[in-house]
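A.B. asks: Can you read through this structure? Questions will come right after.
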Amino acid sequence: MWSRHRLYFIVAGVLFHLFYLWSIFDIYFVSPLVHGMKQHQSTDEAPAKRLFLIVGDGLRADTTFDKILHPVTGEHDYLAPYIRDLVRNEATYGVSHTRMPTESRPGHVAMIAGFYEDVSAVTKGWQENPVDFDSFFNQSKHTYSFGSPDILPMFKDGATPNKVDAWMYGHEFEDFTQSSIELDAFVFRHIYELFNNTKSNKTLETEIKQDGNVFFLHLLGCDTAGHSYRPYSAEYYDNVKYIDKEVKLLVEKVHEFFDDEDTAFIFTADHGMSAFGSHGDGHPNNTRTPLVAWGAGINKPVKNQAPIFDNYTENWNLADIKRNDVNQADIASLMSYLIGANYPVNSVGELPLNFIDAPEDKKLNALFNNAKAILEQYLVKEQEIIASQFVYKEYEAFVEIPYQEYLQQIESLIERIAKGENELEPDAIKLTEELMKVTLDGLAYLTTYNWRFIRTIVTLGFLGWIVYSFSIFLRLFILNRDYNSHKSLLNYFIFGSLTIILNYVLYYQKAPFNYYMYLFFPLIFWSEIFTDRVVLDDGVKEFLKGISIPKRIILVSAIILVYESIVYAFFDRWIFSLIFNMLSFYPLICGYRDWKRNTLWFITGAAISVFTLLDAVKIESLTQINIASGLIVLTALSGFLHLRKQLNSYTTTVFICQILLVILMVLATNKSIVSLQNRTGLPRDAQVAGWVILVVSLLLMPLIHYMKPNNNYKVRMLIIFLTFAPTFIILTISFESFFYLVFSAYIVQWIEIESKLKEQTPNTSHYKQLIRVTIIGFFLLQNAFFGTGNVASISSFSLDSVYRLMPIFDPFPMGALLVIKLIIPYIILSAGLGILNLKLHIKDYTISTLIISTSDILSLNFFYLLKTEGSWLDIGITISNYCLAILSSLFMLILEIVAHVVLKNVQLSKPVIASKKTN
């Protein structure tokens with residue numbers, strides 16, 4: 001049973017890491033969402049009567065404009081000739097730059113509401129979470145939307161009642177193994193049906209033909225094809241060609257139906273697609289999307305005075321046409337202007353004047369209204385901050401030049417322009433754009449106003465956890481006497497006063513609930529540290545007993561060096577390979593001279609070092625899967641033969657069943673992969689077999705074993721290894737199963753080497769070996785993830801393996817399967833650490849507890865390495881670094897419980913062999 005202190009440690013650790021995992025989103029990536037602003041109309045005279053927004057989900061800018069070699073037909077041609085023809089003759093075009101996360105919800109919110117949701121928005125789901133702020137659709141007369149059930153409902157349900165109509169297909173349509181074109185065909189088919197229905201419904205015709213309407217076509221086909229077959233596949237290219245053909249037909253039908261030229265068209269995408277069929281991170285292939293606008297109110301293409309070439313667009317053959325890039329949120333302002341609607345009150349988009357066909361004074365007025373709408377947000381946000389601060393420091397830029405002065409100068413210029421001083425128009429536009437930029441910077445200033453205060457709290461929380469958890473480690477595993485700690489009156493006074501004062505500050509600042517939790521943990525931790533300072537002092541002395549001061553300095557320096565090296569390894573995985581090769585000499589350095597075992601350790605270390613040199617983003621390889629699976633089976637059989645004297649008939653039967661499950665899973669995986677690669681869909685029998693084997697191997701087989709468990713630690717490790725092998729195989733894309741095999745072998749060899757070193761070392765009063773084991777264990781904890789991936793690929797997992805079980809899109813179950821695959825190496829490591837506790841004759845969980853108490857050194861590093869500026873790829877990597885560091889600690893806490901179960905009653909001595917006869 002766990003002691004009271006250990007139970008508190010586990011519960012506090014889990015809660016602490018869960019809340020602090022979220023802290024970066026509350027501190028660094030908070031959207032400046034405010035309510036209560038008044039509306040600002042974009043323009044008095046709408047250039048267009050209606051607008052069509054066509055969004056190709058997952059469509060890359062380069063694919064839209066490049067000349068492409070089709071992988072099947074061999075044709076070398078443009079995929080979207082009609083769109084290109086518009087760019088050359090009718091439209092204004094550019095690249096729309098999205099922000100991270102490059103997912104569908106944030107992308108659509110940016111272009112339709114003009115608002116960048118915070119990074120955590122990707123966790124909000126889809127139709128279950130309608131947007132809780134104003135949008136362009138909400139400002140339209142009426143919006144008719146067609147497409148995916150993942151996107152349409154969040155704008156329909158979040159808008160004014162009866163403002164948005166939606167025609168959606170069912171989720172069963174989103175089958176990654178079927179033709180993605182059918183998803184887009186549904187959209188075009190239903191909008192044409194809507195037009196046809198007006199022939200027998202005059203009320204509908206009147207409604208559809210009223211000014212200010214919006215038609216939203218969400219085309220999911222490219223995203224589906226990209227996920228299934230990659231953006232360089234025939235399926236993806238054919239989907240782009242289909243969209244181009246249908247857009248041409250749509251334009252013809254729209255002109256025919258409305259019988260005028262007063263329609264504006266916007267063609268764009270919510271995000272791009274990586275070369276490996278994923279999106280979510282800040283890679284340029286994910287953040288660069290096409291933007292083509294034509295029709296009423298839109299400029300014709302502008303010729304460059306001299307062709308402009310760059311590496312990205314060199315194959316577009318559009319160097320003579322001016323390219324006008326925008327930020328994704330700018331699209332909302334453009335669309336609002338085109339139909340004369342109010343700017344969405346939360347929009348931070350800037351009206352892209354290069355797209356507009358209008359006199360300069362009209363452009364200026366529309367831009368000025370845009371600036372006033374953004375300024376309105378700043379003023380409302382500022383009042384919120386003033387009301388929640390004891391002392392308010394005004395935004396520096398508006399101290400130098402007050403916003404009232406900006407408004408007066410711009411209004412004065414507009415009046416002079418109206419009187420005929422047209423030469424002032426460029427100055428007025430420049431000043432208006434400056435006001436918008438300063439205001440947006442001011443919004444960022446207000447959003448981060450309390451950064452220093454809350455970051456100090458979080459820092460004290462991390463430091464408090466590190467010291468508190470280390471004191472728990474000392475109390476439970478180092479000190480051999482009880483301490484009756486009681487809080488003194490001084491403790492109650494100091495921390496009671498701090499609790500009241502700081503909580504009142506948060507209350508006065510109208511802080512969210514999470515902020516109170518960020519404060520709660522450091523107060524609790526430091527109160528306990530202050531109370532148990534004698535435990536900490538005595539424990540450190542005992543822990544380092546027998547180690548001289550110079551050696552202590554060297555030891556601490558070495559620990560810091562290793563941990564900081566791992567910080568750098570998060571950015572460059574090859575550092576893991578370097579450390580593995582250095583560890584190959586670890587037994588020799590420690591005086592272990594078994595050359596056979598040392599040679600095997602050296603070979604295994606060299607093998608495992610290879611994985612962090614391989615590309616973290618993988619391409620499906622059935623050959624690698626089969627070879628690795630064969631090696632897993634051979635390793636299991638070898639282990640079975642080696643341990644056969646330790647097995648009774650019951651355990652032997654369990655082993656045979658587990659090996660058979662591995663073989664059956666290989667067969668099911670092969671059938672699934674071959675069928676999916678041949679574009680014939682997922683065979684039902686292979687899908688059912690995959691699920692059955694996965695459930696049986698993960699749940700049923702462990703239960704069967706624990707009915708009559710074999711308590712030999714080697715047998716138990718082999719049982720655990722085989723338990724997860726089928727799951728790892730079906731979720732493997734290429735070399736991951738190799739890693740699973742080598743990683744498991746490395747841990748087993750490490751256990752044996754450490755136990756031999758323990759036998760060679762006389763009993764001493766210090767804990768050198770424990771420190772060494774903890775450092776290596778912490779290193780392996782990080783490698784459990786980096787062996788098969790990196791932080792830049794966390795949001796870019798290929799879904800190839802998941803299709804073998806779930807061909808129809810369902811993000812949360814798919815994500816759950818990927819998480820299971822991720823945590824399996826952690827479970828293997830946790831079991832290995834548990835066995836090491838036994839082999840080294842130390843208390844259960846000693847090693848893992850010391851790892852947990854030091855691992856947040858990484859978390860604190862990455863908390864301050866977070867970036868909020870620069871490329872979205874860099875920002876995304878820093879977010880992922882922090883999350884992975886926190887989750888590593890959290891995994892160790894949770895997996896302690898798992899290890900407690902899987903290693904129940906494990907013994908180092910040989911078990912009594914039962915009769916070979918069955919009952």
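Cβ coordinates come from backbone N, Cα and C, glycine included.
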A.B. asks: Would you say Swiss-Prot puts T652 and D800 in the same topological domain with respect to the membrane?
C.D. replies: yes
A.B. asks: For the feature N-linked glycosylation site in Swiss-Prot, which residue out of N196, N763 does the record point to?
C.D. replies: N196
A.B. asks: Hey, which of N138, N678 does Swiss-Prot call N-linked glycosylation site?
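C.D. replies: Per Swiss-Prot, the residue annotated as N-linked glycosylation site is N138.
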A.B. asks: If I go by Swiss-Prot, the feature transmembrane segment sits on one of 327-347, 621-641. Which?
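C.D. replies: Residues 621-641 are the ones Swiss-Prot records as transmembrane segment.
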A.B. asks: According to Swiss-Prot, N-linked glycosylation site sits on which of N201, N670?
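C.D. replies: Going through N201, N670 one by one, Swiss-Prot annotates N201 as N-linked glycosylation site.
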A.B. asks: Let me spell it out: for each of the glycosylation sites (N196, N201, N285, N311), count the other Cβ atoms within 10 Å of that residue's Cβ, using every protein chain shown. Which one has the most?
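C.D. replies: Within the set of glycosylation sites, the most crowded position is N285.
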A.B. asks: Please report the number of other Cβ atoms within 10 Å of the Cβ of N138 (N-linked glycosylation site).
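C.D. replies: So the number of other Cβ atoms within 10 Å of N138 (N-linked glycosylation site) is 21.
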A.B. asks: Look at every Cβ pair spanning the transmembrane segment (816-836) and the transmembrane segment (883-903), keep those 6 or more apart in sequence, and say whether at least 3 of them are under 8 Å.
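C.D. replies: Yes, the transmembrane segment (816-836) and the transmembrane segment (883-903) are in contact.
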A.B. asks: As a test: from 457-477, 599-619, 719-739, 846-866, 883-903, pick the stretch that has the greatest number of Cβ pairs under 8 Å with the transmembrane segment (654-674).
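C.D. replies: That would be 719-739.
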A.B. asks: Same chain, outside the transmembrane segment (559-579) by at least 6, Cβ under 8 Å from its Cβ: which residues?
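C.D. replies: For the transmembrane segment (559-579), the nonlocal Cβ contacts are 609-610, 612-613, 616, 771, 775, 778-779, 782-783, 786-787, 790-791, 854, 857-858, 861-862, 865, 877, 881, 884-885.
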A.B. asks: Could you give me the DSSP helix, strand and coil counts for the topological domain 'Cytoplasmic' (740-773)?
C.D. replies: 27 helix, 0 strand, 7 coil
A.B. asks: Mind pulling out the one from 488-508, 687-707, 719-739, 883-903 with the most Cβ pairs under 8 angstroms to the transmembrane segment (599-619)?
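C.D. replies: If we count Cβ pairs closer than 8 Å to the transmembrane segment (599-619), 719-739 scores highest.
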A.B. asks: Between the Cα atoms of N201 (N-linked glycosylation site) and N138 (N-linked glycosylation site), find the distance and write it as a whole number of Å.
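C.D. replies: Cα to Cα, N201 (N-linked glycosylation site) and N138 (N-linked glycosylation site) are separated by 25 Å.
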A.B. asks: Hey, which bits of the same chain come close to the topological domain 'Cytoplasmic' (675-686), Cβ under 8 Å, at least six residues off its ends?
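C.D. replies: The answer is 177-178, 235, 620, 622, 668, 800, 803-804, 807.
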